[in-house]
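Data block below; observations after.
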Amino acid sequence: MQRSPIEKANAFSKLFFRWPRPILKKGYRQKLELSDIYQIPSSDSADELSEMLEREWDRELATSKKNPKLVNALRRCFFWRFLFYGILLYFVEFTKAVQPLCLGRIIASYNAKNTYEREIAYYLALGLCLLFVVRTLFLHPAVFGLQHLGMQMRIALFSLIYKKILKMSSRVLDKIDTGQLVSLLSNNLNKFDEGVAVAHFVWIAPVQVVLLMGLIWNELTEFVFCGLGFLIMLALFQAWLGKKMMQYRDKRAGKINERLAITSEIIDNIQSVKVYCWEDAMEKIIDDIRQVELKLTRKVAYCRYFSSSAFFFSGFFVVFLSVVPYAFIHTIKLRRIFTTISYNIVLRMTVTRQFPSAIQTWYDSLGAIRKIQDFLHKDEHKTVEYNLTTKEVEMVNVTASWDEGIGELFEKVKQNDSERKMANGDDGLFFSNFSLHVTPVLKNISFKLEKGELLAIAGSTGSGKSSLLMMIMGELEPSDGKIKHSGRISYSPQVPWIMPGTIKDNIIFGLSYDEYRYTSVVNACQLEEDITVFPNKDKTVLGDGGITLSGGQRARISLARALYKDADLYLLDSPFSHLDVTTEKDIFESCLCKLMVNKTRILVTSKLEHLKKADKILLLHEGHCYFYGTFSELQGEKPDFSSQLLGSVHFDSFSAERRNSILTETFRRCSVSSGDGAGLGSYSETRKASFKQPPPEFNEKRKSSLIVNPITSNKKFSLVQTAMSYPQTNGMEDATSEPGERHFSLIPENELGEPTKPRSNIFKSELPFQAHRRQSVLALMTHSSTSPNKIHARRSAVRKMSMLSQTNFASSEIDIYSRRLSEDGSFEISEEINEEDLKECFADEEEIQNVTTTWSTYLRYVTTNRNLVFVLILCLVIFLAEVAASLAGLWIISGLAINTGSQTNDTSTDLSHLSVFSKFITNGSHYYIFYIYVGLADSFLALGVIRGLPLVHTLVTVSKDLHKQMLHSVLQGPMTAFNKMKAGRILNRFIKDTAIIDDMLPLTVFDFVQLILIVVGAICVVSVLQPYTLLAAIPVAVIFIMLRAYFLRTSQQLKQLESEARSPIFSHLITSLRGLWTVRAFGRQSYFETLFHKALNLHTANWFLYLSTLRWFQMRIDIVFVLFFIAVTFIAIATHDVGEGQVGIILTLAMNITSTLQWAVNSSIDVDGLMRSVSRVFKYIDIPPEGSETKNRHNANNPSDVLVIENKHLTKEWPSGGQMMVNNLTAKYTSDGRAVLQDLSFSVNAGQRVGLLGRTGAGKSTLLSALLRLLSTEGEIQIDGISWNSVSLQKWRKAFGVIPQKVFVFSGTFRKNLDPYEQWSDEEIWKVTEEVGLKSMIEQFPDKLNFVLVDGGYILSNGHKQLMCLARSILSKAKILLLDEPTAHLDPVTFQIIRKTLKHTFSNCTVILSEHRVEALLECQQFLVIEGCSVKQFDALQKLLTEASLFKQVFGHLDRAKLFTAHRRNSSKRKTRPKISALQEEAEEDLQETRL
């Protein structure tokens, strides 16, 4: 970045804002890059501002211990500059009050009786012009100074809040909503930037009103209060409209949240929607919600319209109510009329615009300051003082709870009752989730480790393993007992955490760089081969959360970070959960057994191999110590427990989830059988029920129910019900997880992440955007590693983890920790912003847009709804009628040959009124001219309403049409298009852009149309009265158009860069929250504060430059029109044949043009910016419909296919058999991407069951997606002799029943989720739910089938969701069933239900199954082996077993033997089909065989 020119600019350059000229010139000529932005001035540095405010806040805390106020700290930092700019701003407003005095004297000089004053008219005109010049010179520096000050206040508060977050206790974080925290930083603090500029009007407006009332009293005496009274009533009317508008907006917010919740679920599960052919059903559901939302949107728009239009139409009434009563009683002169009109223009702006805006600004700002103040008062993480000489780690009878104790409860009650002030966030959350029982997550835990020992911690699900590590780190405060260790800790979290930055930055983590240690750690964690693949090696910049890495790569980088730090104690929370067996074993040996052999290690694990090699074992069950000792002691003291685990074949080769399930069940059985369960059981009974869980009887029934998930049965909800933000991995490494509720320990005990394939793959899990369910910060820390709005990396871009053998560290005598590195280190963070790194970290896929909105966008927007064209024509006709009436009035006046002038108001609607009114003031004609004036005013006022209200109404209708078209295009778009787009970016069109088009655009367009017509109409009238003014008007119009075009090219680019620069701030905030425990464990708070300040400085550089260029433009527009006013003034005065009425009209209109034009210019810029949202929406509307690409490709290759629309021989019963033939199938995720499947050919007989085999990433799931035509495909597939080229997409997909790994459950009733098209009766649905075992569960909910599920059906277990998917397949009556690892997340019971249902209900269907469980493949007759993107083998089981094929690599010896035995049994005579009613008994029998 270049140094900012403002630092070396002189006073003249700063006054006239000449210093931003280089960036404006560059932006006009070429596209601006981040490197083109200037560095921030030193006074705007986040470090300096935060230090200043933090110092004053600490001073406030010290001096005002009882009631410290943040506003006092802000006052001490910024008050004097704020006051200086306020005085400057009042001086500007004072000049506006003086201008009518000069105008009155100029008009008086044209009176025939005042010929002596005619000579001084030129001096008066010069004085009037100088007032405008002075106003322009002082206004813009004052406004810019206040905006700059508001920006500095926001930066300081941003930094203060971030520092507080890093200090906040984990208990408090569990009660803070993540969305509210982000809102605190964005919505509330953004009020300072623009709000400070108008804050001074809270005192300027009353002073101005008093001054103006005194000046108008001098003209109209006591009648001045008539106009003022009307303005006050108008302000009260606007306040009432504002209150009504807020009521409507509150009601609408619920509908918006409902619409966005379903929209986000649909977008994140778009492949499921397409597979089930639910596009039309989902569109109807959203449209129904949208209709209700739009009714409230119209009411909000009407309120805003009447509030805005009240300003435009109030001018006439104010003048009429003030002047008319005075005219009937006293003699009135034209000078008084025009002077009064000018005063009232200023008074109207002050009362109806400036003062209400200032009040609203102070209300919002003080509310934001109170929220921030309450946040800063929350409890902080307590830093414990440790004895650094301590060698051992000891814990004695420690008990701890994440809940609050009774004493704390009463303390809060007392404090709340005594203060009775603004509700504190903690209080509200605490009482809304109050529990009478304190539930210890750990109870009476004791152990002792000497230096160099390894402690392995294992336990049942939710037993408190991770909470134990949190307690050692000081994140969880013990309520009893003592903990002893040195405090030098390193930590590897359960969910791998990656910060934005390079790979090297993530491993070193701000410590000094030691090449030998770094190389040793990289090799030990098997990262060397991964790093060499990246183009920039370890300097490769990783995105937020490491979204470009696979789960295993993230896990190994997280482990390497922990190893690189030289600590006394290493806490490793399930660090190997994302790795395969071979890699895990190698890393365990190289890291824990060799590299860290002299260090004290605590490892959370569920593997027997780790327990055997550990020096000590700690087994936890429901927070209690089940066993502590060595492995040999475990075999002696707990023979039942150890024998059951050792008797489980290949226990360590199971997935982590299944191992946890087995451990949990084993603990339960052994605890009960050994009598240990008494204590544990009583403790277990104290656990709290979920806020949203079903009634107690539901849990009792479920215990004996067939559908019991042992993994989720022991889970606990936290004090505050939170939304889940699930872990996610990218790439080809196996990783699975249980996205369940919060566990008893508040730490997720699921030890595997969830695999993520490209979006087109329905079978691979993708997580729904949690639209409105509350997510606490603690949940974010414990459940998520990447943002839900994630980049879906293509599978080809991610490489499988390294499997190379590593260096034998046993042969090395050098200890990598022998040379201790500095904690703060020499790893310095450059103060200069590395914009390229930041840009890469937060890379966006936003397509390049035009610098400014094109005319084609405006034209398309206008023609979206033809009524808008008619309304715009109506507006133009009314405008021409108003101008024509004004000109007719002028003609009538000249025809009467009365030598008087005319007057005007500030709107084009009132121009003719002023003409007639001014003619009327003569010595004898009072009453009839008043009647004419009033009649004309009423009629033109009505025409103004006719013009504005239909415009706003029609613009809202256009918004409805755009949303409907965009939704339809997105739902009907091809999956190949979704593979290139972020889910979050699509959702932004429905959130941000739709809100802009609904709310902001209609009223902004109305303001712009109204203002531009006022200016144009005034110029027309002035030009008719004085044709010479055209000599000034035409050049001014040209200059204005050129200036606007010149400025917009740069400003829109700066606005875009500013928007992009805002992303790293919030991304860093979320990243810090996710890794807060890691940051604290490593003591890197100051390092992260510096990174946050760099992100703040980057945004400041963009925002400050935007404000500066905006002020450059606005000042030049003012200068141009001041020159225009000067020209018009002296032309009017220099003309000898004009009367005082014409001079009054010309000068009053010219003054009105100058004051109105700035507003009109700002509106035009706003409209151009808002239309960019319309442009983005159009790009999504233009997404080609699904099937168009395939159709075009086939048409190009084979013209005969053009005539094939639908096969005439297709019957309603198709497909009847389910026979499928695949010929030369090639599939790509994008039309221009590489082939992920190449020339696959095979055939499946009707009713046959085929198993898909292959390594992870071989293409099994891709094949299932290709069969459903979700990808860009070539080749041919036939079902029962019918080719897919002759069948519509919906018809083709309805031939398949699909059971994916992750089920799509949208917000809606059970019935809607099972049958969204409402094709089946309740009886048929109940029959199917009973068949799959869901009936008893659904009946336990209040409304049964009409019970509404929200947030992806979070209240249901994964088993229930899979059974719902099974029920959908039964209802679809499909003849071909596709299954992709449907049992990956299931407990044994639900697995048996699905297995039995497939065996009986789908006995006559063709089944294609991709599965890793041997038990699931027992029924398959044929196996398709995929390797290298093509079919390796397609044979029966016997041939695969006899040949040296890939099959032998996929399954072990015991698994192959089990398959062979099952196949022989299946090849014999089939058993008679049992009754479905026997399903439960059979499942219970098989459960005993498969549970262990």
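Cβ atoms here come from the backbone N, Cα and C positions, even for glycine.
Features as listed in Swiss-Prot:
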- Y1229, G1254, R1255, T1256, G1257, A1258, G1259, K1260, S1261: ATP 2 binding site (BINDING)
- 424-647: domain 'ABC transporter 1' (DOMAIN)
- 1220-1453: domain 'ABC transporter 2' (DOMAIN)
- N905: N-linked glycosylation site (CARBOHYD)
- N923: N-linked glycosylation site (CARBOHYD)
- 655-840: region 'Disordered R region' (REGION)
- 1465-1492: region 'Disordered' (REGION)
- 100-123: topological domain 'Extracellular' (TOPO_DOM)
- 218-223: topological domain 'Extracellular' (TOPO_DOM)
- 321-340: topological domain 'Extracellular' (TOPO_DOM)
- 889-932: topological domain 'Extracellular' (TOPO_DOM)
- 1131-1144: topological domain 'Extracellular' (TOPO_DOM)
- 79-99: transmembrane segment (TRANSMEM)
- 124-147: transmembrane segment (TRANSMEM)
- 197-217: transmembrane segment (TRANSMEM)
- 224-244: transmembrane segment (TRANSMEM)
- 300-320: transmembrane segment (TRANSMEM)
- 341-359: transmembrane segment (TRANSMEM)
- 868-888: transmembrane segment (TRANSMEM)
- 933-953: transmembrane segment (TRANSMEM)
- 1005-1025: transmembrane segment (TRANSMEM)
- 1028-1048: transmembrane segment (TRANSMEM)
- 1110-1130: transmembrane segment (TRANSMEM)
- 1145-1165: transmembrane segment (TRANSMEM)
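Using a cut-off of 8 Å between Cβ atoms, the transmembrane segment (224-244) and the transmembrane segment (341-359) share at least three residue pairs, counting only pairs 6 or more apart in sequence. Other Cβ atoms within 10 Å of the Cβ of G1259 (ATP 2 binding site), summed over all protein chains shown, number 25.
Tallying C-beta pairs under 8 angstroms between the transmembrane segment (1005-1025) and each of 79-99, 300-320, 341-359, 1110-1130, 1145-1165 places 1145-1165 first. The transmembrane segment (1110-1130) makes no contact with the transmembrane segment (197-217), as judged by fewer than three Cβ pairs under 8 Å among residues 6 or more apart in sequence. Assigned with DSSP, the residues of the topological domain 'Extracellular' (218-223) fall into helix, strand and coil as follows: 6 helix, 0 strand, 0 coil. Segment contact holds for the transmembrane segment (341-359) and the transmembrane segment (1145-1165), given three or more CB pairs below 8 angstroms at sequence separation of 6 or more. Counting Cβ pairs under 8 Å to the transmembrane segment (197-217), the stretch among 79-99, 300-320, 868-888 with the most such contacts is 79-99. Model confidence over the domain 'ABC transporter 2' (1220-1453) is summarised by a mean pLDDT of 78. Following the DSSP three-state reduction, the secondary structure of G1259 (ATP 2 binding site) is coil. Long-range contacts of the topological domain 'Extracellular' (218-223) within its own chain (CB-CB distance under 8 A, at least 6 residues past either end) are made by residues 322-323, 325-326, 336, 339-340, 343. Across the range of the topological domain 'Extracellular' (321-340), the DSSP-based residue counts are 16 helix, 0 strand, 4 coil.
DSSP assigns Y1229 (ATP 2 binding site) to coil in the three-state reduction, placing it in neither a helix nor a strand.
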